[in-house]
Amino acid sequence: MLLEIKDIHVHYGKIAAIKGISASVDQGEIVTLIGANGAGKTTTLKTISGLRSLSRGSIHFDGRDISGMQGHKRVRVGIGQAPEGRGVFPGMTVEENLLMGAYARKDDPSKELAEAYELFPRLAERRRQAGGTMSGGEQQMLAIGRALMAKPKVLLLDEPSMGLAPMLVQQIFTIIQEINRRGTTVLLVEQNAQQALQIAHRAYVLETGRVVKSAPAAELLDDPQVRAAYLGGDLGDAAGAPAEDAPPEDAG
Amino acid sequence: MNLTKNGNGNDGPGGLRAARDRLSLDPLRNAWSTAPGPVRWAVYLLLVIGGLLLPNQAIGEFMAPSGSDWPSMLSNQIAIYVLLALGLNVVVGMAGLLDLGYVAFYAVGGYTMAIFATKYGWSFWESLFLAIAFAGLSGLILGAPTLRLRGDYLAIVTLGFGEIVKRTANNSSYVNGPRGVQGIPHPPTLSEFEIFGVQPLKYGLLDSRPYYYLLLLFIIIAIIFVKRLERSRVGRAWASIREDEDAAELMGVPTFKFKLAAFAIGAAIGGSGGVVFASQQTSINPQNFEFLVSALILAGVVLGGSGNIPGVMLGAAVLAWLPERFRGLSDYRMLIFGAALVLMMIFRPEGLWPSRQRKAELAEGTGGMGSMGAEVAGPGQTVTAEEGK
């Protein structure tokens with residue numbers, strides 16, 4: 001197991017956001033966490049990357065217990081995250097953003113920089129543009145590219161399709177598969193369950209801070225309960241791209 | 001975080017906008033960023049010479065016509081404020097931490113000088129180093145428990161700290177409570193040599209100019225120090241914290257450590273200002289360290305262009321000078337001064353002389369003082385929250 005979380009509990013003040021989630025991610029997999037708003041998906045990711053602290057349970061990564069490790073140190077052991085809402089540094093240029101991704105590394109990042117530009121040619125075109133002035137899709141690409149700069153063993157993605165036009169969503173998911181093919185393990189949090197289940201190997205369904213189901217992704221795609229709850233039920237199978245009403249200014 | 005450009009609040013009607021674009025400093029910035037080394041050094045040299053000539057009577061006649069002493073206005077007000085603004089800029093402008101109690105570090109510097117010089121007979125220079133160390137240490141002591149807070153919450157705690165220091169001095173008989181400490185020695189005279197009718201290294205009661213030159217030296221050292229930090233890994237870490245603290249942590253930046261460093265460095269610079277102030281005035285009391293000083297320095301930083309060194313110096317100098325210059329208007333001057341600040345924030349919210357990076361951050365509506373810690377979902381986020389269901 002590359003990443004294993006065991007019975008974690010996380011609180012915001014007195015409110016329990018996560019009530020005992022256990023999950024694991026194997027080397028080379030794409031694993032997705034799906035669920036509605038408030039299910040605890042984002043909190044789970046934040047806890048893995050160290051932005052939130054545990055009140056109970058443990059996180060093991062690469063054979064080490066990292067439960068008490070500070071967030072910035074987890075980057076060094078190999079956990080990379082593209083945060084929810086992208087978290088691009090708005091005043092820095094695209095290139096400066098990418099180089100920030102390599103902040104924790106002491107060696108020369110030019111190889112990863114070239115790789116990021118190869119993966120996202122759009123970013124290469126906009127090298128000198130300020131991160132904050134880019135469209136939503138470009139910012140998402142930048143956030144993913146930046147996370148890859150640290151050469152993570154596992155890449156945590158928090159709703160990469162959020163607010164993007166359907167075509168861009170497709171593109172982002174294709175790139176995620178490509179990143180995985182190149183050897184990076186991916187833990188993906190998504191509300192766009194249809195898309196996520198199509199590219200993932202395994203999936204966990206979260207509901208109000210608990211895992212209610214875990215199975216290979218293909219099985220969940222056919223699961224009637226999951227279909228009813230997250231995939232638009234049996235009303236129509238064309239529910240593939242539920243992001244049709246994304247605001248136009250967020251398009252590519 | 002806003003996904004869409006959130007510039008509505010900043011854009012005035014078309015005509016005003018055009019007027020503002022004409023005031024843009026971009027051509028100047030471009031010229032400067034492509035200027036060759038020797039040109040830059042020549043400009044630096046001219047600026048230093050300009051700084052040295054500033055106390056000149058001819059300049060004074062315009063700057064301080066109403067009979068007030070221009071050199072003492074320069075050293076007591078303007079140069080001190082510029083130095084403090086440089087220090088506060090490290091905290092507010094570079095690391096993006098809102099500090100409303102900056103005067104506390106100024107007070108720690110001043111009182112350290114006062115105590116060690118009067119009670120233990122330390123010389124000015126010995127006390128100076130000790131005061132800088134103490135101020136830095138007090139920055140760490142304030143920062144360690146409070147830097148886990150963000151935005152508005154941090155601002156409230158620092159506001160409290162400023163008051164605590166002042167009240168402590170006010171109620172402590174060791175430093176004579178509200179009467180303060182008297183008889184603080186001037187710095188020892190280093191040399192009697194005279195140039196253009198000034199003895200720049202002879203520190204006495206009558207001539208303010210030597211203190212101004214001393215502050216000028218401090219300012220130059222502070223600029224070099226801060227500028228070097230800004231271009232280093234430390235500066236990049238601060239910029240990332242200011243723009244998005246969570247993302248910075250995810251990049252492997254030890255955010256807490258760097259915030260603490262910003263507090264300590266800012267405090268140390270503030271402390272050095274306090275030392276010069278104390279030794280020039282020869283007496284200090286708690287009333288010298290009112291909240292108003294914190295507020296004015298912060299206003300100088302924001303007015304000038306938070307994060308940009310020439311900008312904050314300009315802002316602080318203008319802010320220190322304006323009320324003195326228009327003393328003739330007596331009580332109305334504060335009213336006019338306040339109105340001027342309000343107008344500035346409407347028409348040029350990024351400050352008189354902002355850095356390009358800072359401008360981009362403000363346009364995005366995030367980053368340090370841009371959002372002041374209130375993280376409200378942008379329009380893009382509410383839309384997506386609905387569509388995944």
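Glycine residues also receive a Cβ, built from the backbone N, Cα and C atoms like all the rest.
Marked as transmembrane segment by TrEMBL: B:41-58, B:78-97, B:128-147, B:210-226, B:260-279, B:291-322, B:334-353. Summarising the annotation, TrEMBL assigns region 'Disordered' to B:364-389.
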The transmembrane segment (B:291-322) vs the transmembrane segment (B:260-279): three or more C-beta pairs under 8 Å (separation of 6 or more)? no
Spatial neighbours of the transmembrane segment (B:78-97) far in sequence, C-beta under 8 Å, 6+ residues away: 105-106, 147, 154, 212, 215-216, 218-219, 222-223, 226, 229-230, 235, 238-239, 241-243, 258-259, 262-263, 265-270, 272-273, 276-277, 293, 296-298, 300-302, 304, 306-309, 312-313, 315-317, 319-321, 358, 367-369
When counting C-beta pairs under 8 angstroms to the transmembrane segment (B:260-279), the leading stretch of B:41-58, B:128-147, B:210-226 is B:128-147
Please report, as numbers and ranges, the same-chain residues at least 6 past the borders of the transmembrane segment (B:128-147) whose CB is under 8 Å from any CB of it. 97, 101, 104-105, 108-110, 112-113, 116, 122, 154, 157-158, 161, 165, 256, 259-260, 263-268, 270-272, 274-275
